[in-house]
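What follows is a set of notes on a single structure, which appears directly below.
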Amino acid sequence: MQPRVGPASLAATSAQQGTSRSEPGGTRQEQKERTRETIMASALTLSQTYGFAQISLRQVAVQAGVVPTAFYRHFESMENLGLVLVEQSFSTLRAMIRDAQRNPSVFENIINASAEVLVEAVKNNKAHFAFVARERLGGTAAIRQAIAHELNQFSTELAIMLGRLPHISRWAADDVQMVAQLFVRNMVSKAEDVTEIPDGRTDLEERIKESARREMRLIVIGFKEWRS
């Protein structure tokens, strides 16, 4: 005679079996996030060869290993995907400015930290920065506008930090914003240079860091003489 199994025991057994079945692939939400990330990575890969505006939804789906209809569970359109990629790319820049804020009272620290963080950030997120570099001038109108908006936001955040520095704390807001834009343009230029460096060329990385430091120092030299 077999022992009777109550509802609680059945539920526990079912839960254990369900857990073991879900472990290899993770939860449904985890699988969804992985698929989303795969679609985004596939779009970045394809855009390196063709440019984002030239790739189709079907190409991205094939590269990601999903059916085209699955794409719409994550993104409304290719344009929506592109805008998400822009936002994701600039999240690194926001982290960069937080790193630079660690010691905002010393110019030299800001310059050295900015050069180091910039090169490392681009190295670790090369596909995203290469995407921004290409699409900033050659992308669709919506993508170009999104990138311009993000750069303006970055300039504004940097201006807030620079406004705390002793030499420019009394400057007019427009002048502080102007200096921030000079720094951002320098960073964008150097970031684009880093995306072109072959992996392992630390000598070229150091050359770009030093060039960034020199150019930022040149901007800083004008701080003491500028009258707002």
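Each Cβ is built from the backbone N, Cα and C atoms, and glycine gets one as well.
Listed in TrEMBL:
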type     : residues : note
REGION   : 1-34     : region 'Disordered'
COMPBIAS : 11-22    : compositional bias 'Polar residues'
DOMAIN   : 33-93    : domain 'HTH tetR-type'
DNA_BIND : 56-75    : DNA-binding region
Please compute the mean pLDDT of the model over the DNA-binding region (56-75). 94
Residue counts (helix, strand, coil, in that order) that DSSP gives for the domain 'HTH tetR-type' (33-93): 49 helix, 0 strand, 12 coil
